Amino acid sequence: MRTWLLAVLLLSVIAVTYGQGECDSDPCENGSTCQEGEGSYICQCPMGYDGQNCDRFTGSNCGYNVFDANGMIDSPNYPAMYNNRADCLYLVRITKARSITFTIEDFMTEVFKDVVEYGIGPEADFNQALGSFEGNLTQDDVIPAPFTVQGDQAWFIFSTDRNIVNRGFRITFSSDGDDCDPNLCQNGAACTDLVNDYACTCPPGFTGRNCEIDIDECASDPCQNGGACVDGVNGYVCNCVPGFDGDECENNINECASSPCLNGGICVDGVNMFECTCLAGFTGVRCEVNIDECASAPCQNGGICIDGINGYTCSCPLGFSGDNCENNDDECSSIPCLNGGTCVDLVNAYMCVCAPGWTGPTCADNIDECASAPCQNGGVCIDGVNGYMCDCQPGYTGTHCETDIDECARPPCQNGGDCVDGVNGYVCICAPGFDGLNCENNIDECASRPCQNGAVCVDGVNGFVCTCSAGYTGVLCETDINECASMPCLNGGVCTDLVNGYICTCAAGFEGTNCETDTDECASFPCQNGATCTDQVNGYVCTCVPGYTGVLCETDINECASFPCLNGGTCNDQVNGYVCVCAQDTSVSTCETDRDECASAPCLNGGACMDVVNGFVCTCLPGWEGTNCEINTDECASSPCMNGGLCVDQVNSYVCFCLPGFTGIHCGTEIDECASSPCLNGGQCIDRVDSYECVCAAGYTAVRCQINIDECASAPCQNGGVCVDGVNGYVCNCAPGYTGDNCETEIDECASMPCLNGGACIEMVNGYTCQCVAGYTGVICETDIDECASAPCQNGGVCTDTINGYICACVPGFTGSNCETNIDECASDPCLNGGICVDGVNGFVCQCPPNYSGTYCEISLDACRSMPCQNGATCVNVGADYVCECVPGYAGQNCEIDINECASLPCQNGGLCIDGIAGYTCQCRLGYIGVNCEEVGFCDLEGMWYNECNDQVTITKTSTGMMLGDYMTYNERALGYAAPTVVVGYASNNYDFPSFGFTVVRDNGQSTTSWTGQCHLCDGEEVLYTTWINTNMVSTCQDIKKSNMVGQDKWTRYEQSIAPQPDA
């Protein structure tokens, strides 16, 4: 073992002074740093030292010291191999730690040789080791569980031998100190230390991890009825809105407790208010006002209103009755009017308004409606009740036989004909194209055979349409169509027009209907000896086979003409060659002996070589030429492609690429674009080169004749006529009032003189207007205007119609052209003695003054006989009138009015005035007295009262105006004493000094206590205020509220809820 471990280790006992400044004495040695702890210190030693004060040299050659609360210690070079002969010391010193927990993360050392030991305390000594580790713990999966040492210091010693090494170890650590230092708990909370944590126990009213949150007791909104919540610590206070109280403003203060409503009004408590429901007849906030039911002037027809409690009485003038004088006496109750007449009640009279057909004062007379001869045109009048009936002559109708029967009403005219009514008949004015009595016949416009050149005529309404034979056109098919106009003949052909056709005279070399075909001159095979014939325009070209020549290849070429045979050989001509018959046998065809020039194969492109003397001859394959067959024969040289076709030369042939509109090997065939029949609607197709042309039938146009020419496009129809397009034509449907092919002629509707009874006809488009003479109306002035139709005669007058006028026959009592004036029978002043004349229909009524009667008020009466004076008044006749002498308290013509003595508002200080007969009574408010409530009075002292100290007095009136009662102080009541005698008296029965006094007489007669009180109107709530004037013994209101001085006291009808308590 290491020598330094064999040394005797001396434990140093260091006395540590607890408190602040443990490091003040600088106890740490060898350059170590002092760190304050809890009542102690820790020296952070440099490597190689340990001990409480780092005063021991360890001699270790590796290791280190750690002072953080959490960390790790590794073997040297970890995770690489550690060193042999390692003596490592690790010190773990953590300030304020109470325990340190170690966890072995990795451990691989030589078994039994390389060992880690650990212990606690400031000095490392293997003899004091708590445990040790060695071996391949990680590999063997036997790493020990984490272990904890108590205290703030621990050490590890790692020693190795001199041979096998390994990767070593890694040990992590964490410490747990006093987490309540410093104490983070707020607001007086208690801190509980946990493992690496703490917990705060909050006092009531606080929450949060550190009890830093004041619980808002207002969050639950506890205050009711709009109260404002003020949060406190572990509680809250509610500030109530006016009208509520209670801890949570849950109580609605009863403002009705003081009985504020007067005159029997019912108090309804509200929030911070009350509302009085008044008895009928009263109003005001407190029902203090008697409603004046006369304010709305309910009495009608001059009646006088007398106000009462919740009602009124109407004093009616003569001639009217009813609660409100609303009823006029009904003179019509006897039903005087006859024959359905309506009775109109007047004041003391009536008037009959007769039913139609009746007249007279009582409607007894039947009016003769035939008197005015109302029936016209010979009609016979038959009188009835309120009417008549006209028996008309034949041909007339209507109430007055004024209407000529309209035979056009059916209507009889057909096909748009206009019917003109006559007397017992009619005339039809037919629309263009129709005739007949009722316009029932369609006029046949084809009857005159207007269509020419064999065309078919199709009759229409007011017109016709010609369907032309082939080759003709025009409205009447009068025009021969020029089929040459479209120039159908091609290639210079001359066109000759025919009926519905044409003939083309073709130029040389062309043929066909339109000279569209190039004539094939090769068709007769003119070329001889196997030559090829190539057709051209108006000709051909022969391409000869070898050995022939000539226009038709009719000549065999004489190849012997050049004397090819030598050495006396005889030349025999052949087709495209020759044969030499030699004088002597030779090896060549030309009888010479020569080298074989064919040996070098001079003939190209498959040509066959024939050796000749001093040369060779190549027989070329078709399509090649030249000495050596090196030239591709140009088959296009003869221009074989016709009609502009493009010739492309090939070997022994060619290809023609034709221009549009041509086809065939030599482009000699023109394509017939008409083969698909592109022309529509009978159009004739003319083939063109690469196109066609349509010669359209009359009435059609466009490239393929697909469009029907709109002959309406030029708007030929005049005056609003509607154009209907047809094939090669149109038809105008004229607007009413016009006629003609193009609607150019306006129809004269006045020609038939339709206007009757002298009316002037004014011609218009499709009609006419009759300007009638005065007195007539209607479309043709056929109707005599009934000037009576507007009922111009008023007031029951009978109207008789005349020509351009009328006559009114008035009922009795009316006059004027329209019976509009009621004859004024009062104009002669028939009523006597001041009577008022009321004009009626055909009569009058006199409204007599009192005490007169008769038709003309000529009869004098006893005015007092009807006892008009009311309420005990005396009636005095004065001429024909009377005067009522009223008793006091009444007024009016008949003393019917109870004088309202309250009208002058005599009651003062809010007193309620109650009207009486010839007088009034004031119902004073509490605190006021006197006839008019003009004096300040006393409260009604009877009953039980409590003052602010809960002293009690019970007061009772006596017949002398004095008051007697029992008085007890709060102390006396609390101790159960008997009540002393109390005498309460007014200073004057006349209320000239509104004060009162209490005299308390004790049973033992020892002494008295007395005071005087002043009534302060009771404030509407019966509240008394008393002033103490002398105190002979200390037994009143808590020693005069603890002052022994003169003072004021407040008395109410209820015991005080809060009062000063007596001293113990």
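Yeah, the Cβs are placed from backbone N, Cα and C, and that goes for glycine too.
As recorded in Swiss-Prot, the features of this protein are as follows:
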CARBOHYD  ASN30  N-linked glycosylation site
DISULFID  CYS45-CYS54  disulfide bond
DOMAIN    62-175  domain 'CUB'
CARBOHYD  ASN136  N-linked glycosylation site
DISULFID  CYS316-CYS325  disulfide bond
DISULFID  CYS522-CYS533  disulfide bond
DOMAIN    632-668  domain 'EGF-like 14'
DISULFID  CYS641-CYS656  disulfide bond
DISULFID  CYS674-CYS685  disulfide bond
DISULFID  CYS712-CYS723  disulfide bond
DISULFID  CYS717-CYS732  disulfide bond
DISULFID  CYS734-CYS743  disulfide bond
DISULFID  CYS755-CYS770  disulfide bond
DISULFID  CYS772-CYS781  disulfide bond
DISULFID  CYS788-CYS799  disulfide bond
DISULFID  CYS826-CYS837  disulfide bond
CARBOHYD  ASN851  N-linked glycosylation site
DOMAIN    860-896  domain 'EGF-like 20'
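Highest local Cβ density among the disulfide-bonded residues CYS54, CYS325, CYS788 belongs to CYS54, counted as other Cβ atoms within 10 Å over all protein chains shown.
Annotated pair CYS772 (disulfide bond) and CYS755 (disulfide bond), C-alpha to C-alpha distance, rounded: 8 Å.
Within 10 Å of the Cβ of CYS533 (disulfide bond) there are 18 other Cβ atoms, across all protein chains. If you look at the domain 'EGF-like 20' (860-896), the same-chain residues 6 or more away from its ends with a CB under 8 A from one of its CBs are 304, 306, 315, 833, 849-853, 916-919. In the three-state DSSP scheme, CYS732 (disulfide bond) falls into the strand class. The secondary structure of CYS826 (disulfide bond), as reduced to three states from DSSP, is helical. Of all the disulfide-bonded residues given, namely CYS656, CYS717, CYS723, CYS837, those whose Cα is no farther than the 10 Å limit from the Cα of CYS734 (disulfide bond) are CYS717, CYS723. Around CYS522 (disulfide bond), a 10 Å sphere centred on its CB holds 19 further CB atoms from the protein chains shown. All chains included, 22 other C-beta atoms sit within 10 angstroms of the C-beta of CYS770 (disulfide bond). Closest by Cα distance to CYS781 (disulfide bond), from the recorded positions ASN30, CYS45, CYS732, CYS837, is CYS732. Following the DSSP three-state reduction, the secondary structure of CYS723 (disulfide bond) is strand. Within the same chain, residues at least 6 positions away in sequence whose Cβ sits under 8 Å from that of CYS743 (disulfide bond) are CYS717, GLN718, ASN719, GLY720, GLY721, CYS732, CYS734, ALA735. Neighbour count (other Cβ atoms within 10 Å of the Cβ, all protein chains): 27 for CYS45 (disulfide bond).
In the three-state DSSP scheme, CYS522 (disulfide bond) falls into the helix class. In terms of Cα distance, the recorded positions that sit within 10 Å of CYS54 (disulfide bond) are ASN30, chosen from ASN30, CYS641, CYS656, CYS712, CYS755.
Recorded residues CYS755 (disulfide bond) and CYS316 (disulfide bond) have their alpha carbons 70 Å apart, per Cα-Cα distance.
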